[in-house]
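Undergrad: First, the structure itself, so that you have it in front of you.
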Amino acid sequence: MLSNTKIATNQAKSHIAEFEGLRGILCWWVVFSHILLFFGITDEDLGSFKFILNASQAVNVFIIMSGFFIFSLLNSGRENYKQFITRRFLRIFPAYFVCLVFSILLTDISVQALQNLPWKAEKNLIRLQIFQDSLDYFWQHLIAHITMLHGVIPDSMLPSSSFTFIGQAWSISLEWQFYLVAPFLFYIVSKKNTWGIYLILFSALLYLFAKVGSAFLFTQIPFFLVGIISFYIWKSPLSLPKKQKGLILVCSVILVTLFTGKPDLIVWTIVFLSALINRNSQENGIFSLVSKILNNKIILYFGRISYSIYLIHMVVIYSLLYLMTQYFSNIDKGWYLLSIFAVSLPLITIAAHYLYNWIEKPFITLGKRIAANF
């Protein structure tokens, strides 16, 4: 969700560094959540920081950003459907496929790692069941994952379809579904087709109450819509003095917090409005603090390789858990946790760095070259 896109409009082209920095933070949120859940850490253990365990909140922000960036890309009007979908496919599939292959090859040691952990955790029991489903219906799951449409298939047809092999790739399927229909959604919205908009909303409501998984596109439409609406706000910002914009930021954050209490929407509101307020201003002040943090070079670097971090981190974690259970099974759980954090974070960074530079980046370039010939 996860892909890096530069904003382009008919009027101007600008790179929103705050959003790339946000990706860098979100991808590590997901990693931290997954590691902690392996160790049976609960909400009660983390207290006020319990939101860290809910990786789906971070993914929701990725979804919002996807709605924003894809509509900004479509708004440029520079690509037809074939060009658009070719570039999007080569943007997400190659790195995804590499990690899918690694994950499948490591299935046996992943299962052994979970079975040999010297403590019990509910999430690990769920993971073991997912691995069993992946083995029982291997070829069906493989075909579904190669198409990146595994998130469309309900569990009643194919058990654990969204989460087998590479669990976090449920959101990759969601992203691909959005890419397939986004140009049509953009056409409906840009042409102000009232009946078309009503049809989108009605379809979203139907699927929100249907028995489908979270990886099915229409169950996540509200988050895509937040991103789409945010793009149109960005495209036509209010012409207000900086102080009034600052007041809008404060009021918006307070309202979102009071009425939703959802970390994902709070995070997006703070970052989006901070970027909106500060994009044309070089002044220092409280409202530039968020922008300054997200423009940090290290955070921006993580943002650049965030898609690769998101894809590869479970391969690294399962490999380390397997080695730990084989050779260091008698150490204290606390030291176990600290060791996994200390070793996995740099290894994930290194693996993601090479995945980005050897696979992700070259195929982005290839996608641009191929699309230019259509």
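Just so it is clear, glycine is given a Cβ too, placed from its N, Cα and C backbone atoms.
Annotations in TrEMBL come from automatic prediction, not curation.
Relevant sequence annotations retrieved from TrEMBL are reproduced here:
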{"type": "DOMAIN", "residues": "17-352", "note": "domain 'Acyltransferase 3'"}
{"type": "TRANSMEM", "residues": "21-39", "note": "transmembrane segment"}
{"type": "TRANSMEM", "residues": "51-74", "note": "transmembrane segment"}
{"type": "TRANSMEM", "residues": "95-114", "note": "transmembrane segment"}
{"type": "TRANSMEM", "residues": "165-188", "note": "transmembrane segment"}
{"type": "TRANSMEM", "residues": "195-210", "note": "transmembrane segment"}
{"type": "TRANSMEM", "residues": "216-234", "note": "transmembrane segment"}
{"type": "TRANSMEM", "residues": "246-278", "note": "transmembrane segment"}
{"type": "TRANSMEM", "residues": "298-323", "note": "transmembrane segment"}
{"type": "TRANSMEM", "residues": "335-356", "note": "transmembrane segment"}
Undergrad: Can you say which of 51-74, 95-114, 165-188 has the most Cβ pairs under 8 Å with the transmembrane segment (298-323)?
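TA: Between the stretches 51-74, 95-114, 165-188, 95-114 has the largest tally.
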Undergrad: Taking all residues of the domain 'Acyltransferase 3' (17-352) together, what is their mean pLDDT?
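TA: Averaged over the domain 'Acyltransferase 3' (17-352), per-residue pLDDT gives 88.
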Undergrad: What parts of the chain pack near the transmembrane segment (165-188), using Cβ distances under 8 Å and only residues at least 6 beyond its ends?
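TA: Those are 1-3, 30, 34, 55, 59, 62-63, 66-67, 70-71, 74-75, 81, 84-85, 88-89, 92, 96, 99-100, 103-104, 107, 127, 130, 134, 141-142, 145, 148-152, 196-197, 200, 213-217, 220, 224, 228, 310-311, 313-314, in sequence order.
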Undergrad: Flag the pair the transmembrane segment (21-39) / the transmembrane segment (216-234) as in contact if three or more Cβ pairs fall under 8 Å (sequence separation 6 or more).
TA: no
Undergrad: Any residues 6+ beyond the ends of the transmembrane segment (216-234) with a Cβ under 8 Å from its own?
TA: 60, 63-69, 71-72, 75, 151-152, 154, 174, 177-178, 181, 185, 189, 200, 203-204, 206-208, 264-265, 268, 272, 276
Undergrad: May I ask for the residues of the chain that lie six or more residues beyond the transmembrane segment (95-114) and have a Cβ under 8 Å from a Cβ within it?
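TA: Contacts of the transmembrane segment (95-114) (Cβ under 8 Å, skipping residues fewer than 6 from its ends): 124, 127-128, 131, 134-135, 142, 145-146, 148, 165-166, 169, 172, 307-308, 311-312, 314-315, 318-319, 321-322, 324-325, 355-356, 359-360, 363.
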Undergrad: Other than its close neighbours in sequence, what residues sit by the transmembrane segment (335-356), given a CB gap under 8 Å and a spacing of at least six beyond its ends?
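TA: Distant contacts of the transmembrane segment (335-356): 31, 35-36, 38-39, 95, 98-99, 302, 304-305, 307-309, 311-313, 315-317, 320-321, 324, 328.
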Undergrad: Residues sitting near the transmembrane segment (51-74): Cβ under 8 Å, six or more positions beyond its termini, same chain?
TA: 1-3, 5, 7-9, 19, 22-23, 26-27, 29-30, 32-34, 36-37, 41-43, 84, 168, 171, 174-175, 178-179, 182-183, 186, 214, 220, 223-228, 230-232, 234-235, 262-265, 267-268
